[in-house]
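Scroll down for the structure; my scribbles are underneath it.
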Amino acid sequence: MILQAWRSLQLLYLLEAISLLPCTEALLCYEATASAFRAVSLHNWKWLLLRSMVCNQREGCEETVVFIETGTSKGVLSFKGCSSAFSYPPQISYLVSPPGVSIASYSRVCRSYLCNNLTNLEPFVRLKASQPMSTLPSAKSCPSCVGKHDQECLPSFVTTENCPFAASSCYSSTLKFQAGNLNTTFLIMGCARDSHKLLADFQHIGSIRVTEVINVLDKSEAVSAGHCSQGISWSVLLCLLILLRD
């Protein structure tokens, strides 16, 4: 009888302990995507957070922002939503550092109520302020733009950029960013250290899947080699890019 009573008491203690354990509730996170290439400024860009979503159990809230600069043009692509990744503090760095085309990213995963609440580009302001400026010029110039093939990067909107000495190769690629409702294909052109893939080591930025197709211009030259000279103009190549867009 004593043993049975003791076991019953142990069971009661166990049930009480279980009842005191915190419940694993689904987390509420902001849900948003952004893809902007016009009038983007480090100081006046604002992200309106209007939607939220309920995540699956054990998922956290993610926010990933990519900031791109080439010449005087800027672009922002970003994703907010649920993530199964482990939590990690804010991480900000240059994936491709200046001079020339630069690509920086900010990303974090958190696990508290609506914690993915970044609404501005302040982290990139601080990152850019810490980067030394390069002013030594070269004799090279390249077309420069970032944006949609049929919008911001139409030939009439493409500018010519004088390249710094440390980034005197002309770069051009079509990038595709995909995450949740974010599905954006865009063109980036400008001065770079070389003309190879800039994001070869970054198939994912946070949850954003990155696809980079490089040397579209070279492909155009190869196709038209029988009809055009190798000195084909950038404006003609840009027109070909428009025809090749998705």
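For all residues, glycine too, the Cβ spot is worked out from N, Cα and C.
Per Swiss-Prot, these features apply:
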- 1-26: signal peptide (SIGNAL)
- Asn117: N-linked glycosylation site (CARBOHYD)
- 142-223: domain 'UPAR/Ly6' (DOMAIN)
- Ala225: GPI-anchor amidated alanine (LIPID)
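Note: the domain 'UPAR/Ly6' (142-223) comprises 11 helix, 43 strand, 28 coil (DSSP; helix = H, G, I, strand = E, B). A coil conformation is recorded for Asn117 (N-linked glycosylation site) in the three-state DSSP classification, outside any helix or strand.
The domain 'UPAR/Ly6' (142-223) scores a mean pLDDT of 89 in the predicted structure.
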